[in-house]
Every structure is written in C-alpha cells, then in structure tokens.
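Listed in Swiss-Prot for this protein:
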SIGNAL    1-23  signal peptide
DOMAIN    241-625  domain 'Peptidase S53'
ACT_SITE  GLU312  active site, charge relay system
ACT_SITE  ASP316  active site, charge relay system
ACT_SITE  SER544  active site, charge relay system
BINDING   ASP585, VAL586, ALA601, GLY603, ASP605  Ca(2+) binding site
DOMAIN    635-722  domain 'PKD'
Amino acid sequence: MKIEKTALTVAIALAMSSLSAHAEDAWVSTHTQAAMSPPASTQVLAASSTSATTTGNAYTLNMTGSPRIDGAAVTALEADHPLHVEVALKLRNPDALQTFLAGVTTPGSALFGKFLTPSQFTERFGPTQSQVDAVVAHLQQAGFTNIEVAPNRLLISADGTAGAATNGFRTSIKRFSANGREFFANDAPALVPASLGDSVNAVLGLQNVSVKHTLHHVYHPEDVTVPGPNVGTQAAAAVAAHHPQDFAAIYGGSSLPAATNTAVGIITWGSITQTVTDLNSFTSGAGLATVNSTITKVGSGTFANDPDSNGEWSLDSQDIVGIAGGVKQLIFYTSANGDSSSSGITDAGITASYNRAVTDNIAKLINVSLGEDETAAQQSGTQAADDAIFQQAVAQGQTFSIASGDAGVYQWSTDPTSGSPGYVANSAGTVKIDLTHYSVSEPASSPYVIQVGGTTLSTSGTTWSGETVWNEGLSAIAPSQGDNNQRLWATGGGVSLYEAAPSWQSSVSSSTKRVGPDLAFDAASSSGALIVVNGSTEQVGGTSLASPLFVGAFARIESAANNAIGFPASKFYQAFPTQTSLLHDVTSGNNGYQSHGYTAATGFDEATGFGSFDIGKLNTYAQANWVTGGGGGSTNAPPVANFSVATTGLVATFTDSSTDSDGSIASHAWTFGDGSTSTATSPSHTYSAAGTYSVAETVTDNAGATSTKTSSVTVSSSGGTGGGTVLQNGVAATGLSAAKNGQLKYTVAIPSGAKSLKIAISGGTGDADLYVKFGSAPTTSSYDCRPYVTGNTESCSFASPQTGTYYVLLNGYAAFSGVSLKATWTN
C-alpha cells in the first residue's frame, strides 16, 4: 500500500492550494513565536545610540529584559533576502521515550545500558517518512530549495528567501541595525497548515537577534572595576593558572589510564584550521600524543577564520585533551559562520551541529561552550528543537556537557553598546538593571544535558586545596574599543523558567523547574588555563573551561568502563547526596552582584551544584555500581554478526540480521572485497566487474564488543546494467530489477555545451523511484530531482545541464523488474 506516496500527493495538493489561494485551510502554531513585536507605546532604546525616546511605533525583542528598538529603524526585510532554515519535527511516542530514557540510565533496570543505535531510535521515536514527505512538499511549494532531511528525520534543512518564509510559515520578517550590525527578526509567529501541526516542532533561522555566544574569559585583571566578594579560600593555598595537563592531577585522575577508548565532540563554528594547529602545538609541548582530530562541516556556506572565537575552541580542545591525557578521537562539529566576525551565525546552524553529532553517534561526550538567553531560545523554538535532539543522545548513551554561562544570574542582560551579556552598570558604576531579576542560559537548562558551572580554584602545586564560587565582580567590557560599561563575570546558575524538573532532581530540590548547574569545575580567569591561541600562550577561564574539564575528566571514567555508563545525571543525583567523599563541595561565594544571586552552601546549591569530583574516587565508585556490580549489570555478551545477500547483475543488496543478546548493535562496518566500504546497516553495492568477492561485515555493540562475518558473493554482468554504471547518450539500460529498498546506481558524464538533458525510466513492473543529483551521489533525502510519480514512468529534465557528472539512483519503493533507464541530451 502506497502510504508514503499517497500522503505526499495529498500534501502537495494541499500545499499548492493553501499557498496560492490562502484559503480555507486552518493554520496552526509551532514552537517558533515572534522574535520581536510592536507594542502600542513605550520608552525605547534607539538602535543607533543609548538615548531613550517615546514612540508609538516601537518594537520589543521577545527575550528576558524586553530590549526595545526604535520603530523608525525597523523596515521590512527584502523578499529576496536569502535565508537558511532548519524545520524541526516532533518526536514520535514521547511518553514511551521518557520511559525508555528512565530505564536506560538507571542502574538495576532491565534496560540499563541497552543503548539504541541511531536507526533504532529513528524507527521507534523519529517522525515517519510520510510526515517528512508532507513537510518537504510544503517547503517545495513555498519556494525553498536544497532541501535535505537529517538521518533521524528530526531536522529538515532548506535554503530560501524571506518571501519563501512568508509563504511557507505565514510570518513576516523585519530588519534593523544596532551596535554596528545588521539584524533580522520575525515579528509574527511561524505557522504551518493544520495537516502539518502534529509534525512540525519549530522553524529555526527566522532571526539572528538572539544567537549562541562563546563563554570564555581572557585574563585581564586591569579591566576589573569592582572586585568580586572576598570569600577567601577553603585552604591556605595559591590561586594561579595551570597548564591543561595539570588538571588531571589536581582533580585526582592522573593514576587512571588516558581516555583512549572514548571519542569526544566539540560544537564550534567557522574555520578550525588554526585550532588544530594550536592543539598540536599544545600536545607536542605537553608530551602528549598527537590527537586524532576530525573537522566535520555542518551545512553549507562560508567557514571563515574568526580570531575572537579561536580562543574558545582552543580552550575547549586543549583542556579536554589535557585532563583526559588523550582521547580516541576529537571531532569538531563546525557550523558555517559567514565571515571573520561570525555574522552568519544563527541557532539553525548550531542546532544542526548538535544533530549531526547525534546522528553520527561516534562521540560519547560532546562539549558545548555556548549559550544564549533562555527566554529568547524558548520563543524561537530553539529550546524545543534542542531538547528533542538531546533526548536521542541520552537514548544512545551520549552525554552533552554545557557551560552554564559567564554572567552569573544576569544571563539576560545585554550591553547597550556591544551586546555582551552580563551588563550591570554604566561606565560610572551606576547600576542600570534590576539586580533581583535572574535568568539562566540555554541549552544549559535542558534536563537532557549535564550543566557545568564554575569555581575559583586554589591549589598547592598540582594538589587541589579548595574551590569557591567563581565571581570576579564587575569589569569594563571592552575598554580598548571604547566600551567602558561594566559587566559581571561569574558562574551561571539558577532555575529555568520553562524546563520541567527531571525526576532525578527531586533528591536535592523541591523546585518544579530544572535547577542547575549539576557540577562545577575551575572557571576563574585568575586560576584558569594556559593555552596556545594563534601560536601564543594566553591565560583563559570561563565556564568554557569548566565544561571541557568535566568532559575530559568523565572521558577517563567512560573509557575505563568501555563507554558503558552513558548519560550520568540520574546516577549523580542518586549517589552524590550520600557519597560526599567523591566530591569537592563548594560552600563559599555567590553568583550575583551586591549580595544578590545564589549562595553556595553545604551539599547541592544553585551556584555550583554538587561542586567538582575526584576523578579516581568516582571511577572506583562507577566501576562498582554503574558498570559491573551493585546493580550495574553483568559482563557484556558480544554481538553476533550475520547477513544475507541478493544479487542482480553487478548489484549486491545486503540485509543485516546481526543480533546482540544483552544490548544493541551500535555500528556496522562493511568491506566489499573491491576496496569499497560502507557503514550502512543494510547497504547495496554495485561492482564494476563480474566475479566472486569476499565480503565482511563487522558489528560493534553498545559496550564496544565486536563480531565479524565473512562470505563470498558472486556477481555477473547480466541483468541489464547497460555497460556497468555509466549511461551512454541515448542508450537504454534495460531489464533493471531490484528488491524493495534495493538500489541501482549510475552516472552520466555531460560534455561542455550539452543541452536538454533528460533522464527517464519506463516499463516493467513494481515501483522504482528515480533520484538525480549533480556532482555527488543522491540519497533518498538529498537530491536535485525526484519526480514523485507512482509506477515506473518518471523523468528528470534539465534545460541547461552543468558540465560534469550527474549521479542517478533507482530505489525500490517496492520490488521492481524489467525497468528501462535512459539518459539523452543534445550537443
């Protein structure tokens, strides 16, 4: 039964009707609300200055503090202004997912440690293909192009214009200038047709007024205007900077093996070339092995070198590797940033990077030293989209670690000159904000991540002596650039306005909302890290130091456990209230200004959570209680690799049937005997010549155990492949056949000056789907042309084809046979 194609046909018809006639269909809301709105009359902050005026045409930015923009500075964004959007879809079976997440993270549960693979998660909890097809059809009819569906179907990326966004989401987008930058923002919520209401979660990329910012703090004591509270130290010791590798000894982990079994990811933007160069300089100087580094670019656009952000990515990478002693692999997931000032950053790109780390499912720990005002993220739909992705990470045994923020309880307050967070006073020291108005940072407030706050660390050499709440008081924001307004540098922490309290939080708090941070590590710039940035040494702090320290520290513990622990929040909250010997409790200091904010106390508190932990002691506890004993599970049974194969001509279609009796299959690795490989679960492979090939499948389970099956596969040149995979002009490949979900692949080499390319299939029985893409192989979610026609009469036409190679895919929507494929063009 053609549910997918039928649903898609209906969706296209509905989309055409609603977009062309704006008629009768009801449109419904998503999680994406207006980023700015015009109140009737208010005191407003002029976009080009700090003076206030009264106007009835003022716009309010919908974030904490409600910043205001003079309406005279606001105009409509041009209809042809390019936009890149990420349409976030809703999870399926959310209640069942919550039950699974509770079980997979709780020692003693029958589900404990039985993590899902990405394909298993998508099958059980991802949107259906028919839902995806309907949304894709709607985007196409609205005018979006370059549409790509993420493997888990939670995100659909698309390129378009402001006009396409207006058509597709019944919103409008405005533009204005402030602080020397150009901004755009939707002043109406994003809507979708009612038929898509159960599918679409949010639409990201409709604004750039609130985006993620880095959370590192370069040591400049001369800029301090009002020192932080004098809380002393917990022991007579020094507050001094440390090399990243020193933190292993300071936090009790130097006796453990390095984290060489665990891959780690870092969310970044722009060019990472200089960061890797600096990382290699650090490891060489520290006597550590060169790191196996991978740069994974997410999305399209310009990946520019941003000198201001290089310090962030160097802080992340060098401190993770330093405290971990090395990692199996370090993956930089980097978003396009547009230019050297990263003006092209939106939440759409950052959320897509989170999702890529999850669908890759390689990194077991992912560091995010970024954040933004929680209210703005909730209004834009970013928070809802991020939470769905983080839930998949938990289900797969991955852990996102998020820096809590560097503006204390004033994450919401932005400097009127530069836009920096934490603004408290003007250059004269006059307080300009409500000091009792608190907020937290997103995505740190998510209940599906570990939120890491900051401390000021005291040591005697490389021996831990004490920690207090990180609070450096007020500093001039950017005196070298003429901005002498004053901001607070202090650890983020507090209570979410929107995220419900997770059940495991009840052991320490009666709040109905998510409370954080969970833990806290060194963050003060005065006790910060000495890292290599652009070839020189800098002393840097911030919760962007604290989060990488947790990631590297916990990577040692996960590595010792063969990555069997997974997301540790519920375990922390179950153990830490009573197992206090594992911890460095922080009992002095607060994270506000003039006695405001949250104050540290014995046990858990909103300033530093449980404090930091001793790596060695926690590893011993984890081995006894979370891995092999104390209800943590039994010895892992290895998986059993198995597969079957069907051949048609030179095409071999493999069906995986591997099993794992006490867990799940985490990854597949195929070798086809001709030098080709695949990591798909059940791949299809086209050989270039007839013969017998030795094919091997290696599967790895969720605990790292492996199994391999090897089998001989014979293919022949019969089966109508038309001269292998190359299609000749006007020569049909005939008698094509494949099983359901089987795939046949071809190429078409187009010479210079060619015109009127047509690629078509016809005849036969069953149902083959045609996909065509220039320059690279198409997939069922990434293509230049897909006709969406029932049966085997489909064609793709290109009036002015590009010179080069077009790639053709025939996919078995149902089993098909006797199909002909022909490419024709004129010279």
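One is the number of the first residue shown, and numbering goes on along the chain from there.
Placed from the backbone N, Cα and C atoms, the Cβ positions cover glycine too.
Just so it is clear, the model here is predicted, and its values are computed rather than measured.
Averaged across the domain 'Peptidase S53' (241-625), pLDDT in this predicted model comes to 95. Across the fold, the C-alpha of GLU312 (active site, charge relay system) and the C-alpha of SER544 (active site, charge relay system) stand 7 Å from each other. The Cβ centroid of ASP585, VAL586, ALA601, GLY603, ASP605 marks the Ca(2+) site; residues of that chain outside this set whose Cβ lies within 8 Å of it are THR587, ALA600, THR602, PHE604, ALA607, THR608, PHE610, GLY611, given in sequence order. The helix, strand and coil residue counts that DSSP assigns across the domain 'PKD' (635-722) are 0 helix, 47 strand, 41 coil.
Here the CA atom of SER544 (active site, charge relay system) lies 19 Å from the CA atom of VAL586 (Ca(2+) binding site). Rounded to a whole value, the Cα-Cα separation of ASP316 (active site, charge relay system) and SER544 (active site, charge relay system) is 7 Å. Cα-Cα distance from GLY603 (Ca(2+) binding site) to SER544 (active site, charge relay system): 24 Å (rounded to the nearest whole number). Around ASP316 (active site, charge relay system), a 10 Å sphere centred on its CB holds 31 further CB atoms from the protein chains shown.
It is ASP585, among the binding-site residues ASP585, VAL586, whose Cβ has the fewest other Cβ atoms within 10 Å in the structure shown. With respect to their backbone Cα atoms, SER544 (active site, charge relay system) and ASP605 (Ca(2+) binding site) stand 20 Å from each other. For GLY603 (Ca(2+) binding site), other Cβ atoms within 10 Å of its Cβ number 15. For ALA601 (Ca(2+) binding site), the same-chain residues that are 6 or more apart in sequence and have a Cβ closer than 8 Å to its Cβ are THR587. Mapped onto three states, the DSSP output places ASP605 (Ca(2+) binding site) in strand.
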